[in-house]
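What TrEMBL says about this one:
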- ALA48, GLY103, HIS152, ASP234: (6S)-NADPHX binding site (BINDING)
- LYS203, GLY204, GLY205, VAL206, THR207, GLY233: AMP binding site (BINDING)
- 13-303: domain 'YjeF C-terminal' (DOMAIN)
Amino acid sequence: MSLENSPTVRAFDAGQLPALLKAPGEKSHKYTRGVLGVLTGSEDYPGAALMSVRAAVNTGVGMVRFVGTSQLNFLINLSVPEAVCSTGDPLELRVDAWALGSGVSQGSRLEHIRAVLSTETAAVGDAGAVPLAAQLVAGGRILMQQHILTPHAGELADFFTWLLALAPNLFDGAAPERAEIEADPVFWASQAAYLSGATVLLKGGVTHIATSDGKLVLTVESNSPWLATAGSGDTLTGIMGALLAQHQAHHTQPSAPLIYAQLAAAAVTVHGLASDLVHTPGTRGPLPPTEVAQRLPAALAQLLSV
Ligand SMILES: NC(=O)C1=CN([C@@H]2O[C@H](COP(=O)(O)OP(=O)(O)OC[C@H]3O[C@@H](n4cnc5c(N)ncnc54)[C@H](OP(=O)(O)O)[C@@H]3O)[C@@H](O)[C@H]2O)[C@@H](O)CC1
Ligand SMILES: Nc1ncnc2c1ncn2[C@@H]1O[C@H](COP(=O)(O)OP(=O)(O)O)[C@@H](O)[C@H]1O
C-alpha cells in the first residue's frame, strides 16, 4: 500500500496566521483558552520537559498540565511555576490537546504516551512518540488529522523501520535511510501521513508538513539556520501544542486535515519569528532555545496586532 499520486506542494502563506491564532475576549477564562497536557522529558532528558513546557506557557495557552514523575514535577514547579503538575494516569485529565514525546525514550512514560495516542484527543507527537505511532499503525490503529507527528529525518527513518518490521505489507518498498528522506522530503512525509492517518511535519532547514491524507505538503523555509541546535525541537513541540489546544478548545469536532497542517505551519512560523526577535533586526546569530522561548510573547503580540 502506498500513495499513488504525488502531493501538491505549496508554501505556507503567513498571511493566514492571524486567523489561526486565538486572542482571548472579554468572556474568556483559562478553560476556554485551551488546556494543554504535556508528557515530555524523562530522568535522562529533563531539559526537554522544561523547554517544551516553557514554550507552551509563553505561547499563551489557558493552562499547561504537566504529567511527570515527582522529580520532574519538582523541576517544572521551580522553573515554570505557571504549569500545573501531577503524577498518575494522563487519561484522567481533562485537556484539549497533548504535547508528547520530546525527551522520552524509554520506561513507563512511553506507556502513558501510547495510551494517549490511542485516543482521539489532538496531540503533537515528537521524538519518542514517533516510533510509538509506527507501532500503533502497524497494529491496525489509524491515527487522525488532529495527531501531528513531528519527526526529524532520522526519526522518520525509524518510523518506517518500525512500521515495516511489524507490518511489511503496509508499504510497497524498503524502509528509507535518513539520507533518502533528506533527498525527497515531500515523498516521505506524505507517505508517512497517508500510511498513519496523522498530519506529519518533517523538520529540517525547510519544514515539510503533509496533510493526513498525504495529498498536500505545506512548506516553511524562512526560519534562521541558527535554529539547528539541540532543544529547538522541544521548543517547537510546546509552541505547537499550545496552538493546537487553543484551536481544539473552540472546536468540539475534528477540523479538516488542512487546518491541522496550517496550525503546524503556524507553529513553525511563530518559532521563527520569536527567533528573529532574539537579535537586532537584520542580524543573525546563535539562538539558544531558552532565549527564543523568552521572545514568544512578543512574537505572538506582533502577530495578533496585525
Ligand atoms: N536537555 C534535554 O533534556 C534535551 C533533550 N533533548 C531530547 O534528546 C532526545 C534525543 O535527541 P535526538 O533527536 O538527537 O535523538 P538520538 O536518538 O540521540 O539521535 C537520533 C538521530 O540522530 C543521528 N545522530 C546522532 N548523533 C549524531 C552525530 N553526532 N552526527 C550525525 N548524526 C547523529 C542519528 O542518526 P544515525 O547516525 O543513527 O543515522 C539518529 O538518526 C530527544 O528526545 C530530544 O527531545 C534534546 O532536544 C536536547 C536537550
Ligand atoms: N537549517 C535549519 N534552518 C532552520 N531551522 C532548522 C534547521 N535545522 C533544524 N531546524 C529546526 O530546529 C529544530 C530541530 O529539532 P530537533 O532535531 O527535534 O531538535 P531537538 O530534539 O534537539 O530539540 C526543528 O524545529 C527544525 O525545524
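Each Cβ is built from the backbone N, Cα and C atoms, and glycine gets one as well.
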Top Cα neighbour of GLY103 ((6S)-NADPHX binding site) in the set of binding-site residues LYS203, GLY204, THR207, GLY233: GLY233
Remaining residues near the recorded (6S)-NADPHX site, that is with C-beta within 8 Å of the centroid of the site residues ALA48, GLY103, HIS152, ASP234: THR40, TYR45, MET51, SER52, GLY101, SER102, ASP126, ALA127, ALA230, GLY231, GLY233, THR237
Among GLY103, LYS203, VAL206, the binding-site residues whose C-beta sits under 6 Å from ligand 2: LYS203
Shortest C-alpha distance to LYS203 (AMP binding site) - which of the binding-site residues ALA48, HIS152, ASP234: HIS152
In sequence order, those binding-site residues of GLY103, GLY204, ASP234 whose CB lies under 6 Å from ligand 1: GLY103, ASP234
By Cα-Cα distance, the member of binding-site residues ALA48, HIS152, ASP234 nearest THR207 (AMP binding site): HIS152
Model confidence over the domain 'YjeF C-terminal' (13-303) (mean pLDDT, whole number): 96
HIS152 ((6S)-NADPHX binding site) as reference: those binding-site residues from GLY204, VAL206, GLY233 with C-alpha within 10 Å of it: GLY204, GLY233
Proximal but sequence-remote residues of the same chain as VAL206 (AMP binding site) (Cβ under 8 Å, at least 6 apart): PRO185, THR219, VAL220, GLU221
Cβ-centroid neighbourhood (8 Å) of the AMP site, LYS203, GLY204, GLY205, VAL206, THR207, GLY233 excluded: HIS152, LEU202, HIS208, ASN223, VAL268
Residues LYS203, GLY204, GLY205, VAL206, THR207, GLY233 binding AMP per the record - widest CA separation, whole Å: 14
Largest tally of Cβ atoms lying within 10 Å of a Cβ, found at which of the binding-site residues HIS152, LYS203: LYS203
By Cα-Cα distance, the member of binding-site residues GLY204, GLY205, GLY233 nearest ALA48 ((6S)-NADPHX binding site): GLY233
Rounded Cα-Cα span from ASP234 ((6S)-NADPHX binding site) to GLY204 (AMP binding site), Å: 14
